[in-house]
Amino acid sequence: MDKYELVKDIGAGNFGVARLMRVKNSKELVAMKYIERGPKIDENVAREIINHRSLRHPNIIRFKEVVLTPTHIAIAMEYAAGGELFERICSAGRFSEDEARYFFQQLISGVSYCHAMQICHRDLKLENTLLDGSPAPRLKICDFGYSKSSLLHSMPKSTVGTPAYIAPEVLSRGEYDGKMADVWSCGVTLYVMLVGAYPFEDQEDPKNFKKTIQRIMAVKYKIPDYVHISQDCKHLLSRIFVTNSNKRITIGDIKKHPWFLKNLPRELTEIAQAAYFRKENPTFSLQSVEEIMKIVEEAKTPARVSRSIGAFGWGGGEDAEGKEEDAEEEVEEVEEEEDEEDEYDKTVKQVHASMGEVRVS
């Protein structure tokens, strides 16, 4: 960790804390995601790191390295200065059709690459799509904590993901094609960009999970009258929001759809993208899989001394104590978020119990 210096805290989530760090020698900024050593270091963490390491594409956040500290495992990755796509939509309310298409084209490009690498994301959402700091922002997919690789694992069975983005077959709790579930989530992302609301939530009762799930299973959505979009766009959404995943449009066919192809940037064309699909392409990370797995195994051993994330000793100085207090507050917030998520999981189970076994026709 000596090669990095702390710049600022940039967020907290169920995983732990994220910080903006600077490489001392090169002055390069990186995002560092910290996960506490011990029981939190499970197969999901290992899978996220190994899957992320294998990906090399301009629409995917670059993995750099994993580092072990006395208290945490730290995952260093590319820093996206433009923040979340979610924040951009919150500021704008909703996007024009052209702007939504611009970001959707990049999203599909990144997801298509993941699928070609036999990795399905399983938690695609606006909060997991970041933007770089350029004037015409480049979209970057991040957070591979739930992703599954068909090269390493069996078919996904667990119900993961954010409620509003979950495909019907995932709610059915049987085996499902993770790639087709990703297509559904991409459709939800497109809808939110166009409308500024989630397609299957009751706007007057958004926290009613039972109603949301019923609407997802019935594919009950509509484009509000105040949103004016082309017939091609409506057609694409209707091909994505299909209950039976076998009849849903594939990523390959989305890339051939007239709406997708309109104003497609040259770097996203099939010819330009071919360069990223070469098997001999090196990864961004110099760490081998063996080195990474060794660090992950070590991280399963809890820290001997309980120490806040602010006590890592970067930057020191007069404000170190204040930073430690801030970090402790962040950890408390994370714990609260985890409690909320646990509550949601309970609610989903209750919904399933009240609805009986949900089936996809």
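Backbone N, Cα and C define each Cβ position, glycine as well.
What you see is a predicted model, and the numbers here were worked out from it, not measured in a lab.
Now, the feature entries from Swiss-Prot:
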DOMAIN    4-260  domain 'Protein kinase'
BINDING   Ile10, Gly11, Ala12, Gly13, Asn14, Phe15, Gly16, Val17, Ala18, Lys33  ATP binding site
ACT_SITE  Asp123  active site, proton acceptor
MOD_RES   Ser154  phosphoserine
REGION    311-361  region 'Disordered'
COMPBIAS  318-344  compositional bias 'Acidic residues'
> Which of these binding-site residues has the least crowded Cβ, counting other Cβ atoms within 10 Å: Ala12, Ala18?
Replying inline: Ala18
> How long is the line from the C-alpha of Asp123 (active site, proton acceptor) to the C-alpha of Ala12 (ATP binding site), rounded to the nearest angstrom?
Replying inline: 17
> Within 10 angstroms of the C-beta of Asp123 (active site, proton acceptor), what count of other C-beta atoms is obtained when all protein chains are considered?
Replying inline: 20
> Can you count the other CB atoms that lie within 10 A of the CB of Gly16 (ATP binding site)?
Replying inline: 19
